[in-house]
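As given in Swiss-Prot:
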BINDING   GLN96, GLY114, GLU115, GLY116, LYS117, THR118, ASP595  ATP binding site
COMPBIAS  930-942  compositional bias 'Basic and acidic residues'
COMPBIAS  952-971  compositional bias 'Basic and acidic residues'
COMPBIAS  972-984  compositional bias 'Basic residues'
REGION    930-984  region 'Disordered'
Amino acid sequence: MLGWIAKKIIGTKNEREVKRLRKFVNQINELEKELDALTNKELVELAQELHDKIRFDEELKERVIKGEITPEVIKAFALVREAAKRTLGLRHFDVQLIGGLVLHEGKIAEMKTGEGKTLVATSPAVVNGMTDEGVHIVTVNDYLARRDAQWMGPIYKFLGLEVGVINSDGKTYLVEWVDPEKVKEAIENDVRVWPKGYYEEILPSEKVNIDAKKTYFTTLKEAEHRRKAYEAHITYGTNNEFGFDYLRDNLAFSKEEIVQVKGHNYAIVDEVDSILIDEARTPLIISGPAQIDSQIYHVADAVVRKLKKDKDFTVDEKNRTVNLTEQGIKKVEKMLGIDNLYDLKHVDLLHAILQSIRAHHLFKKDVHYIVRDGEVLIVDEFTGRVLPGRRWSDGLHQAIEVKEGVPVKEENQTLASITFQNYFKLYRKLAGMTGTAETEALEFKEIYGLDVVVIPTHKPMIRKDHPDLVFKTKEEKWERVVEEVLLNHIFGRPVLVGTVSIEDNEKLSSLLKNKKLLKEIANRNSFKRRLEETAKNLGVSPEEVQKKLEEVLKKGIPHNVLNAKHHEREAEIIAQAGRVGAVTIATNMAGRGTDILLGGNPEYLAKQMLKEKGINPEEATEEQFREALREAYRITEEEKEKVKKLGGLLVIGTERHESRRIDNQLRGRAGRQGDPGESRFIVSLEDDLLRLFGGERVSKLMDMLKIERGEPIESRMVSKALENAQKRVEAQNFQIRKRLYEFDSVMNIQRDVVYTLRRQLLEGENVHEKIKEFLKDIITQKVNELLPEDDPELWDLEPLKAFLKELTGREVEIPQVRDKEELIQKLYEELLKIYEEKEKEIGSPEAMRELERVILLNLLDNAWREHLHTLDRLREGIYLRGYAGKDPLIEYKREAYELFENMMENVKLNTLMTLFNVQIKSEEEIKEVEHEEEKKHQRLLEEAELQGVQGKSDKKPRPKTLKERLKEERLRKRKLKAKKKEQE
């Protein structure tokens, strides 16, 4: 009670935070008129002065990196707003500046859909870009990385900052002006998109200087090397690509191969919930072929097809696990003619059988994956998008390939891996944006140390969120969805329907084309009453309604389908989903990142109109572009008013997701920036969530109430049951992610040690000192191990002599000493002399340093690869320790530490042994050794694949093989060289 009173008096923590930031926004606003009075040239010069001040003043630079809001940060934010007005005709709202300040401070800004997150990121990106330490803007797909970099490019370029883009197809781009000479002129002549002295929040279309807008267009130009994108002040790319580049850098054999030259300074993660939570169970993995025969999966598949569910094996859908029953074990043993399936020699076979059961009974085609061109492609359950190149781990993908009768790709061995959780913790400052983060605030704080600040909307939110309609069967649910779409489509109201799978997506699409079903619905009395009532409310005559109804019944309901199979036109479909009469069916959050504007997007429409006239939008003249844009503005404004009168966009969800956040994201597609809109979920008791978590109680209630077919139930008890089910699943998933993080953090410490050592070797730090350090360590360890007694009289020196001979390749005299310390020191000095002789034999200190580097790097890489493989196996079996009353995590930490210590000792020993015994006559031979090692390394990388493998039962990434990428890179370089020659 007292807490509630205190909140009323002093406000919630979030309200206090927003209030604190408003003071800074007022300071930014005070600079607006002053900056507006400056010419373009003066503004550009001011930006350059500020850039120099931030990057050269070390103390100020550090304060900016830490996220302090200094007077320079205020000035940079004001400059960004002014640059956006002059180049794009967009002005940051106050709430967008608050969002930007939250990002600058290294927090998460929760901003509702349509509040302009893309523009919000520009202010913190510019001020942190001015430190010259690098800013990474992380998007969920390649298209958004390219689009956002190009769209916001004019702001950055105007203020003197360079922008790079990395894509998963291996291509790298730099943002450049389309016509640099024109821009130069426009800056000289003070040409602006937003007129001088105009201080309203939004610029009406008739006041936009369209010629100026076209002048400030940017384009993406391909760069020769990926490093170029990272050398820029700001780099756009996907989470996968930033992560894979980090791993590739740590597989590099020379300094020149490293691309992330600025390290990890500051990252702004767009759709932060999707990347840091939904994909947190996804380790990014670079792997090479492993020696496992794929024939075993064919045997397993043949066996599983003869087994019966519930008799021979059990399936737990909630926990996604499978087990053989006693009867099943005997049946398998009989079929395969073996005595004991659980014998150690059959462990791979047992594993393949269990994975095959999971492939057949837990993973469905067109829900969890699709088959295209003889390949099994994973579908992201959160977005409904195909994840090209990603493969399930642990043989599951191979089991599904056999099930579907497509070629089986061999299993892989890990070369390098990291989870997104640990990758993003590399950044000195991390920030993120999303429309829905509050429900996961605890996880953001606990795992990443990030606070969530909910940013107020620019205009009050007036969307109506209706209670769920719950039907007994899926069939009744789908009929009601079709009825809702039909009713609203007749009046021209745009409808967006969200489905959870491609299968549902395509099912609904066929129902909307089913004229027989549409007629049946149209003839129902309940539908006729609703139609009449809606027409009356909207003032539409019965004749008009009848005419439109007949038209729809004749042709079916025209609609756009958006799923993993039809992703090419994603942005275009979503951008026009708010037009009059538009019906869009999308899997979950497909199209996320593109706003649904009521009436449609004028710029997309203008491009479409030019294409219809046979004109390429990129090559259109200023006059053609201006004319198309004016017409597009007129059409969209007209349609916007009509859609508003109809109640705005209607969003229909067809199934509750495991996470409330995903449901909220779908609802959030309607009612952007104060627009009207409605949302409703139409669900059934046969949907997975209710079926697995508490649908029985609701089903009994429906039987008790004698609910007839086609009648929904609306009750608080049902809503509560759904919410409780979601909370249980969310808590379960959080624990899984937390556990994964705890396990990966053990490896993270080890990875850090190995990668730091690798980087030192590549950057040419004194390897010789490292070798001397190794020598001292090995001598100390061996003396203590082989001479356990303290008294020299009791020492048996033969084992030590044998070891020293094995190490150096020659007899080493053991000196007379008083104690172990003296022995260690004298042996160290003696072995150093032998090592110096070897150096003279090699030819020169420089040649020896290079040999040290190549040998240590090679041995370290081999040992780390084997260590990762050992850790994978350790992790698989560690959970069994729980049955013995031991904590698997503590056991894993202990054993992983011992394994790592042994690995490092072996690296030291093998490096010394190789260097002492190497037989090389000249420096040329050293270069040859180095060249051979590089070739071997290159072959390994060419065969490697990039994967994001999501634990046992899940999915995720591997864009193209590096072999393909390297080939493309070589081709691209040739083309660029040829182009340059032509120009010369």
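Each Cβ is built from the backbone N, Cα and C atoms, and glycine gets one as well.
Features recorded in Swiss-Prot, as mapped to the structure shown.
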residue : record           : Cβ within 10 Å
GLN96   : ATP binding site : 26
GLY114  : ATP binding site : 23
GLU115  : ATP binding site : 25
GLY116  : ATP binding site : 18
LYS117  : ATP binding site : 24
THR118  : ATP binding site : 19
ASP595  : ATP binding site : 19
Taking only the residues the record lists as binding ATP, namely GLN96, GLY114, GLU115, GLY116, LYS117, THR118, ASP595, what is the largest Cα to Cα distance between any two of them, in Å to the nearest whole number?
16
Inside 8 A of the center formed by the CB atoms of GLN96, GLY114, GLU115, GLY116, LYS117, THR118, ASP595, which other residues of the chain have their CB, for the recorded ATP site?
MET111, THR113, LEU119, VAL120
So, three-state DSSP: helix, strand or coil for THR118 (ATP binding site)?
helix
